[in-house]
Amino acid sequence: MQESFENSVKNILKIIGEDPNREGLLKTPSRVYKAFKFLTSGYEEDPKEVLNDALFTSSNNEMVLMRNIEFYSLCEHHLLPIIGRVHVAYIPNGKVVGLSKIPRMVNIYARRLQIQEQMTEQIAQALAEVIEPKGVGVVVEARHMCVEMRGVQKINSTTTTSALRGCFIKNADTRREFFSLINSPQETHF
């Protein structure tokens, strides 16, 4: 499979008018293969297993929020980068998940060919199914290089998507608290 991938990269280089045998490009096919292998490594992991591996009983019934989880992904339409951050909140219903598992789950979904809308839904759905909270809120803010580098070429434009479950939909106060917390200034001086 690696050889076929590298040959395809060589062919792309030829098609755009480059010489894949020139010094600067000799190792490019191998580098591109390794880069894509890493950037799509999310297909090799199950995010629900990651979450299930760190569930803990808890009497907490207040919002748990992790914000500014940075990620990068590849747009499934153009294979160009998506760079952004994710805010994830849930209200426990007898269980909490280890905090490190939330960004790990985000990385798993991000390291697949994606569209932002789908990734937002996948994160919310995985949390809802695995920890069965009273509610889940997910907001993703991202820049899309397919918008900035080609087509309309709108540099620094951002896209925001959200997915809400349970009490984040049904309870306006919960929803308002979530959006207020993710939009408040964050200073982390410890």
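Just so you know, glycine gets a Cβ as well, placed from its N, Cα and C.
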### Query
The Zn(2+) site in Swiss-Prot includes Cys75, His78. Which of Cys146, Cys167 is also listed there?
Cys146
### Query
What same-chain residues, at least 6 away in sequence, bring their CB to under 8 Å of the CB of Cys75 (Zn(2+) binding site)?
Pro81, Ile82, Leu113, Gln114, Ile115, His144, Met145, Cys146
### Summary
If you count the other CB atoms within 10 A of the CB of His78 (Zn(2+) binding site), including all protein chains displayed, you should get 14
### Query
Reduced to three states, what secondary structure does DSSP give His78 (Zn(2+) binding site)?
coil
### Query
When a 10 Å sphere is centred on the Cβ of Cys146 (Zn(2+) binding site), how many other Cβ atoms does it contain?
17
